[in-house]
Amino acid sequence: MASSSTPKYNSNSLESSSSKRTLKDGTNWEQNEEIPRLPGETRVTDKDVIYMCPFNGPVKGRVYITNYRLYLRSVENDPVVILNVPLGVISRIEKMGGASSRGENSYGLDITCKDMRNLRFALKQEGHSRRDIFEVLTKYAFPQSHNLLFFAFANEEKFSENGWMVYNPMSEYRRQGLPNERWRVTFINEHYGLCDTYPSLLVVPYNATDDDLKKVAAFRSRNRIPVLSWIHPETQAVIMRCSQPLVGMSGKRNKDDERYLDIIREANGQISKLTIYDARPNVNAVANKATGGGYEGEDAYPNAELFFLDIHNIHVMRESLKKLKDIVYPNVEESHWLSSLESTHWLEHIKLVLTGAIQVADKVSSGRSSVLVHCSDGWDRTAQLTSLAMLMLDSYYRTIEGFEVLVQKEWISFGHKFASRIGHGDKNHADADRSPIFLQFIDCVWQMSKQFPTAFEFNEQFLITILDHLYSCRFGTFLYNSESLREKEKVTEKTLSLWSLVNSEKSKYTNPFYTKELNRALYPVASMRHLELWVNYYIRWNPRIRQQQPNPVEQRYMELLALRDDYMRRLEELQITNNSKISNSSASSASPSQMMSQVQTHF
């Protein structure tokens with residue numbers, strides 16, 4: 001994981017008495033080496049530079065480049081200033097100034113990162129001193145643009161757990177009680193012939209034949225047909241996911257698609273209409289007709305009701321994150337903080353995603369109705385909505401292993417375009433396909449964990465670690481756009497899974513206040529008054545913000561206050577008997593006496 005640029009004493013210094021130390025991220029550091037290295041990590045070059053630290057001014061140091069990281073160590077500061085940046089985090093490398101530039105420290109490199117940081121290094125102007133380091137950095141930070149393999153394929157780390165064993169689709173569907181008399185498993189996509197962005201194993205209505213599926217695929221964008229994501233254990237209502245129908249400007253219809261949606265509606269015996277949640281704003285869905293897409297109209301789908309959730313597209317989200325980065329790094333302007341944050345619309349987008357997921361979850365649980373979720377192609381907003389709704393309804397996904405399964409299933413196997421959205425190893429930083437869709441999802445999970453501090457087995461560090469390695473390219477977990485491409489590149493054979501790291505040291509990622517419970521639905525409050533900026537992630541590189549964090553005793557006290565608040569909320573739930581949704585979801589929760597006992601134990 002990347003380390004902060006904050007000045008700090010280096011506890012693993014070269015003067016250490018041991019010959020080898022293991023850092024927190026698993027990195028080995030030999031006594032005779034200047035930098036930490038992973039097994040399989042090799043040094044490429046090093047150079048004296050001046051790090052233009054935005055918080056402490058110019059810092060003389062030596063920068064080391066390996067096939068995995070950029071590592072800077074100051075040479076004069078006490079405490080030592082350290083930068084530890086996986087090359088996969090780098091989005092853009094620019095030359096700063098020229099040979100004839102005037103002014104101190106005006107010649108060097110400007111590096112833009114994907115994790116909210118910018119790094120600037122000044123070099124001597126004589127003899128094209130930056131050329132070598134620029135070429136090396138460009139080559140290893142963007143391996144895909146230079147016909148090189150990701151570092152994940154060179155990584156030789158060893159872990160006690162095999163993270164690739166975490167997710168088995170058949171086991172996960174069996175856990176949900178599938179297949180059954182109404183739903184079947186189909187292998188029609190075993191070789192990705194039906195849909196090259198879907199997984200090989202799919203769950204579909206029992207009464208739909210494989211021939212039916214082929215006909216439906218022809219009428220859905222990218223052949224992404226409606227398939228099952230989750231089934232309610234009591235109501236048997238399901239969450240389905242797909243892409244938009246290919247209606248087009250002429251208003252095309254497809255009898256097979258219309259019949260298929262009726263089969264889905266009837267599969268849990270419901271008489272009411274099938275609920276379709278289109279994640280897009282209405283105007284966007286209409287505009288998509290011009291490019292051959294569209295939505296399910298009332299005339300063609302009389303047994304369905306359609307709701308638009310007003311979640312904006314990838315381009316809007318990308319611009320929103322850019323605005324957020326501008327106000328959090330390197331300086332936070334406190335005098336206009338609230339208005340500046342509001343102008344980014346970031347929390348507004350988080351609110352809309354959470355609100356949409358709550359509607360999906362509530363319709364399935366309280367409304368006892370099956371739902372169909374889609375956006376345009378069904379791999380961005382669709383994944384956000386289905387995975388968050390499943391997290392709200394199924395307590396298994398709130399465990400460490402369950403959350404790993406959720407990410408593997410709804411995001412990785414169902415073809416969220418990680419390579420395109422993150423730009424792994426690609427120098428084209430201006431690519432319009434890049435967008436922080438998965439980051440938004442993790443932010444939503446963090447918002448939920450803040451509101452329900454005892455409901456999640458994992459802690460904040462677990463979520464930050466996932467985001468750090470979303471970019472790092474140290475593991476194969478988030479590489480490539482689809483399951484079919486990962487299979488082609490033999491990712492599970494040739495790389496390690498991020499879950500190998502996490503599951504080998506679970507205690508580091510475990511929430512001490514976690515209370516295991518079954519079938520309790522979580523409905524977070526998605527109003528702007530209850531949402532907050534995730535400071536420990538977005539502003540973690542600013543030492544002034546970090547200094548404002550409470551010490552361990554204060555942190556413990558705040559956690560206990562949050563635990564108390566959750567207890568009081570649960571107590572209120574138990575006292576409200578006229579709301580069946582709330583009373584039912586509380587029935588199997590830990591009792592108030594158990595909760596208070598836990599609080600008293602920690603105090």
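Placement of Cβ uses the backbone N, Cα and C atoms for every residue, glycine included.
Among the features that TrEMBL reports, compositional bias 'Low complexity' is placed at 10-19.
What TrEMBL records for 163-538 is domain 'Myotubularin phosphatase'.
TrEMBL lists Asn313, Ile314, Cys375, Ser376, Asp377, Gly378, Trp379, Asp380, Arg381 with the feature substrate binding site.
Here TrEMBL flags 344-406 as domain 'Tyrosine specific protein phosphatases'.
Cβ contacts within 10 Å of Cys375 (substrate binding site), excluding its own Cβ and spanning all protein chains shown: 28. Here TrEMBL flags Cys375 as active site, phosphocysteine intermediate.
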Chain-mates of Asn313, Ile314, Cys375, Ser376, Asp377, Gly378, Trp379, Asp380, Arg381 with C-beta within 8 Å of site centroid, substrate: Ala279, Thr382, Ile437
Cβ neighbours within the same chain of Asp377 (substrate binding site) - under 8 Å, at least six residues apart: Ser221, Arg222, Arg224, Ser243, Gln244
Set of same-chain residues at least 6 away whose C-beta sits under 8 angstroms from Asn313 (substrate binding site): Arg280, Asn284, Ser376
Among the substrate-binding set Asn313, Ile314, Cys375, Ser376, Asp377, Gly378, Trp379, Asp380, Arg381, as the record gives it, the longest Cα-Cα distance in Å: 12
